[in-house]
Amino acid sequence: MSGPINHARAKISKIFNGEPQSYTRFNLAPNTDGDNSQVEVKLSTEVEEELDVPEAGHRHAGRSPARTQLCTSRNMFYMALGVLLIFVTGYLVGYMTHQKPMPSQGSAEGVECPSLQLADSNDEGVVNVPEPTLDWNDITGMLRSKLSSSAFFSSENHQAGSQGDEVLANKVLGIFSSLRMNPWNDEHYVQLQMPSRNDMNKVFFGSEEVGSPQGYLAYSAPGVKQGRVVYANYGRVEDLKYLQDVGINLNGTVVLLRTGKISLAEKVANAAKFAAVAVLIYPEIPGNYDLNTELYGHVHFGTGDPYTPGFPSFNHTQFPPSKSSGLPEILAQTITAAMACEIHKKMGGKDAPVNFKGKLIDFDSYKLGDSNNIVKVVVKNNEVDTRIHNIFGVIKGFVDPDRYVVIGAQRDSFSWGYAKSTVGTSLLVELAKAITEMIKAGFRPRRSIVFASWSAGDFGSIGSTEWLEVHTGTSDVGAKTVTKCIWCGCLVVLEPMKMEDGAYPFLAFSGIPSISFRFVSDEYFGTPLDTKDRLDIATGQKVGDFCVSAAQVAGQMALRLVHDHLLRLDVTTYTSFLRKHVSSVWAPTQLSARWLISAVGSYSRAADDLLNDAQNSDLEDEETCRKINDRIMRVEHNLLSPYVSPRDVPFRHILFGFGNYTLTALEDHLKNLKTPEADTDLLRNQLALTTWTIQSCANDLAGDVWVLDNMV
């Protein structure tokens with residue numbers, strides 16, 4: 001792996017005019033040492049052998065003053081690249097097993113996907129299937145030679161379901177066809193929320209109209225609400241609790257928030273928990289920008305079509321009336337920074353604390369609001385039945401074609417979306433071209449690669465989630481890695497994946513190992529400022545260099561998963577992660593956690609035994625390798641709680657999902673054990689179900705049923 005990684009690192013370092021940093025092994029392990037530590041991802045500088053036991057590959061990396069200065073001095077640059085790379089290499093890498101044949105274009109029925117036709121096929125057109133022979137250095141060198149700067153797609157309007165979105169979809173479909181990748185179109189009819197063409201959304205301060213914003217928040221509750229306006233910083237739980245602590249009752253209020261820190265959907269969900277009736281959110285972007293810049297987004301605290309939760313959206317499919325529990329019941333609307341300034345300047349009440357103060361107005365002018373500051377919010381959004389298209393192409397594997405890696409990118413955008421979606425789509429196509437050329441040159445992947453162009457990503461990963469909802473019930477899925485890599489020029493760090501990541505539903509809904517990439521900042525997302533000209537200026541006309549470097553890293557990760565006999569996913573990293581959670585459960589209560597501790601012990605032994613089996617396996621025995629890989633892949637899937645319906649609780653992952661069946665919920669419940677509202681019966685149920693979810697995962701990881709007695 002050293003050649004391409006060093007090549008990519010050198011490019012990045014050259015662009016930043018800094019020295020190349022030292023990296024060793026790449027490991028997708030979660031940060032188990034606390035929320036405030038940084039973890040440096042290290043990429044291998046040596047050719048690795050397939051049977052090496054994965055090292056931890058990470059250490060605490062406190063940022064030195066020099067590095068801090070470098071990151072600060074490149075703020076504008078990171079801002080643009082943050083916008084660029086969350087979907088530039090915002091590829092999700094999933095792995096699904098035992099999948100039914102893939103659907104044909106325009107059909108939900110399964111049909112066999114023929115393999116890519118190669119020059120070495122025989123007279124009957126049957127492709128010869130030699131055992132993969134190229135070593136890893138050959139493969140990475142070939143990828144590096146085939147990748148080139150992208151010819152970027154362009155579309156002024158490519159909102160999900162629009163004509164521009166369909167034009168781009170057809171372009172991708174045409175390219176996949178020309179590459180003989182047997183492409184197909186996955187069509188869904190979904191409910192998207194859009195502003196009314198006749199009635200404008202409006203905001204009033206007292207009797208005076210503040211403005212009629214063009215931007216909006218999809219899936220807001222419609223209607224008219226008014227109340228005392230309260231400034232609540234980013235809308236985090238700690239921000240709202242602070243307001244309560246200083247005597248401000250949020251019941252019936254209109255909460256004014258700035259962008260940043262958490263997603264728009266989470267801001268609205270938090271405000272609803274504190275009984276607010278409406279939320280106004282404005283963009284606060286570093287540097288000089290037009291204060292009249294509009295902001296677009298969605299506030300569904302979930303993914304997929306919120307009106308078909310847990311099941312796919314097809315035309316004429318009869319489902320009972322339903323809606324996602326993540327749909328807000330309060331109003332939510334974006335306003336421009338200019339409108340926010342007008343509201344801020346009219347607000348009275350207590351001074352805002354220092355950490356609430358932004359850059360819109362004079363530092364001393366931020367107020368929390370008083371009882372006479374009344375704001376009215378009018379939201380007239382409508383649900384619109386919309387047809388969307390996911391476009392796929394496949395490069396079929398030569399040994400295990402029914403096992404495959406997904407490389408995907410969002411195609412749509414509310415506005416220009418150049419960095420958020422256009423660049424990602426372009427790189428998706430470039431990777432497809434490069435790997436197809438590698439096949440012609442002799443590369444023989446063991447497993448298949450599916451290239452996916454998703455629509456309706458800006459409405460909450462709708463395209464990818466609907467596809468998962470079609471296939472999850474027919475696939476045995478699972479596995480490892482729960483992190484998001486963040487490039488900060490000088491550091492690469494890991495953080496838990498969030499709901500707004502395009503790969504999140506693969507991890508938390510379907511239990512598929514996933515990873516996404518981004519640079520540290522994404523302030524331009526959802527605004528008309530996300531343009532090619534702005535990105536070119538911010539990167540010094542070097543967008544192509546960054547894209548090629550990013551594609552090399554993402555491409556290598558995918559190729560490693562389809563090339564090696566055994567998957568490089570280290571199941572032992574969950575042991576320390578689970579032990580950390582168990583220690584927090586055990587400490588504050590007198591309830592017995594003996595069985596929970598025993599379950600974690602079972603998992604630890606099963607994970608160690610699997611590594612031992614992998615070390616001692618015969619790589620030429622395809623059935624043995626397949627069985628070991630299947631055991632690895634089922635880990636993530638087995639961490640989805642089997643005790644709740646995916647319709648009611650879509651994100652069932654006990655470590656990274658949401659709801660009462662997660663370890664985080666169990667810990668929070670224990671913290672409140674001594675409060676009057678504590679429910680000890682619920683706590684015991686949570687403890688029991690969590691214990692058996694982990695034990696069941698350990699049992700499956702152990703392999704054959706006759707092995708289980710040795711785990712007690």
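Numbering starts at 1 and runs along the chain as it is shown here.
Note: Cβ is positioned from N, Cα and C throughout, glycine not excepted.
Per TrEMBL, the features are:
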TRANSMEM  76-96  transmembrane segment
DOMAIN    226-292  domain 'PA'
DOMAIN    593-701  domain 'Transferrin receptor-like dimerisation'
Within the domain 'PA' (226-292), residues counted as helix, strand or coil by DSSP: 19 helix, 18 strand, 30 coil
Three-state composition of the domain 'Transferrin receptor-like dimerisation' (593-701), taking helix and strand from DSSP: 70 helix, 2 strand, 37 coil
Within the predicted model, mean pLDDT of the domain 'PA' (226-292): 95
